[in-house]
Ligand SMILES: NC(=O)C1=CN([C@@H]2O[C@H](COP(=O)(O)OP(=O)(O)OC[C@H]3O[C@@H](n4cnc5c(N)ncnc54)[C@H](OP(=O)(O)O)[C@@H]3O)[C@@H](O)[C@H]2O)C=CC1
Ligand SMILES: Nc1nc(=O)c2c([nH]1)NC[C@@H]1CN(c3ccc(C(=O)N[C@@H](CCC(=O)O)C(=O)O)cc3)C=[N+]21
Ligand SMILES: [Mg+2]
């Protein structure tokens, strides 16, 4: 018996959703509003630079005013905080984010706290995170939100599903858990101290993987006919981009699986841009 695996093609979903988003930007422009997004990039981390380029390309394609603000690795915390203050008060900027990770001499928490929750497109400020867990989100973290947009597109209903997330970062694991809990999934978050990881992941109807280790997840971690979401952005032994999931080993055991590239990454950018447009729409609606 051949059971067909369905690819969750984030790249295609993103292209489909771009059309609606472009129309929303157009109607804002008719009212004299151009959505503005700024990205602050510290240092020249090459992976970060690629992501930033992708964001810029998509934002500009949709008619969004994109501002890239670059700092040397040696920038002081004070200089960075001053720029954040400026962006908080810049009426042309609806939302901005500070690309992570930051150099060690800069306190990430301090930077997050300085961002105005009203412009926090990443949803990383304490107020945004609190609202997310209360169930009254202001802005939603892009990766988590992008994953849900993709699952919605494929009509995957999370209600009552057993979701297991590997990774508990503030940027991926935790916000994904919050949004999926809100959809009535039963959510388990696992991490590097988790005992018997395979036993837990093997019970997952939906497995979300955000570890940061190339091809870590093989078929022995996966339940038959599970849905596998691979957030990882890693390099394989040949330097080629790959995910945390060993795609070729796992795919035939799944009912749906995201490829890397072309899965979660493009949806992250879709969710980010959607968030910026929503903030700009808020200029009209108050
Ligand atoms: N596609 C996209 O849009 C995005 C992709 N990424 C990618 O996703 C991946 C994860 O990113 P991020 O969340 O920032 O990473 P972090 O390094 O912040 O977190 C990794 C998590 O994985 C856990 N972990 C590490 N090793 C193991 C293990 N052997 N078993 C179980 N859990 C383990 C860690 O546990 P512990 O907490 O105990 O240390 C931690 O919670 C990376 O590849 C990153 O590049 C990230 C953001 C967006
Ligand atoms: N404050 C902050 N917010 C973030 O959202 C954030 C961050 N810091 N730091 C780094 C991670 C990583 N991230 C990605 C976004 C898009 C792709 C992406 O577009 N990926 C494409 C193409 C990748 C390629 O070709 O290189 C794909 O998977 O198909 C990947 C990764 C956002 N991040
Ligand atoms: Mg980290």
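Every residue gets a Cβ built from N, Cα and C, even glycine.
Remember, predicted model here, so these are calculated numbers, not experimental data.
According to TrEMBL:
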| type | residues | note |
| --- | --- | --- |
| BINDING | 167, 168, 169 | NADP(+) binding site |
| DOMAIN | 8-122 | domain 'Tetrahydrofolate dehydrogenase/cyclohydrolase catalytic' |
| DOMAIN | 141-281 | domain 'Tetrahydrofolate dehydrogenase/cyclohydrolase NAD(P)-binding' |
Additional residues surrounding NADP(+), by Cβ distance to the 167, 168, 169 centre under 8 Å
165, 166, 170, 171, 172, 173, 174, 189, 191, 210
Cβ packing number for residue 169 (NADP(+) binding site), 10 Å threshold:
16
Among the binding-site residues 167, 168, which residue has the largest number of other Cβ atoms within 10 Å of its own Cβ?
167
Under DSSP, the domain 'Tetrahydrofolate dehydrogenase/cyclohydrolase catalytic' (8-122) has how many residues in helix, strand and coil?
59 helix, 19 strand, 37 coil
Of 167, 168, 169, listed as binding-site residues, which ones have a Cβ less than 6 Å away from ligand 2?
none
Mean per-residue pLDDT in the domain 'Tetrahydrofolate dehydrogenase/cyclohydrolase catalytic' (8-122) works out to 95
Using DSSP reduced to three states, classify residue 169 (NADP(+) binding site) as helix, strand or coil.
coil
Residue distribution over DSSP helix, strand and coil in the domain 'Tetrahydrofolate dehydrogenase/cyclohydrolase NAD(P)-binding' (141-281)
55 helix, 29 strand, 57 coil
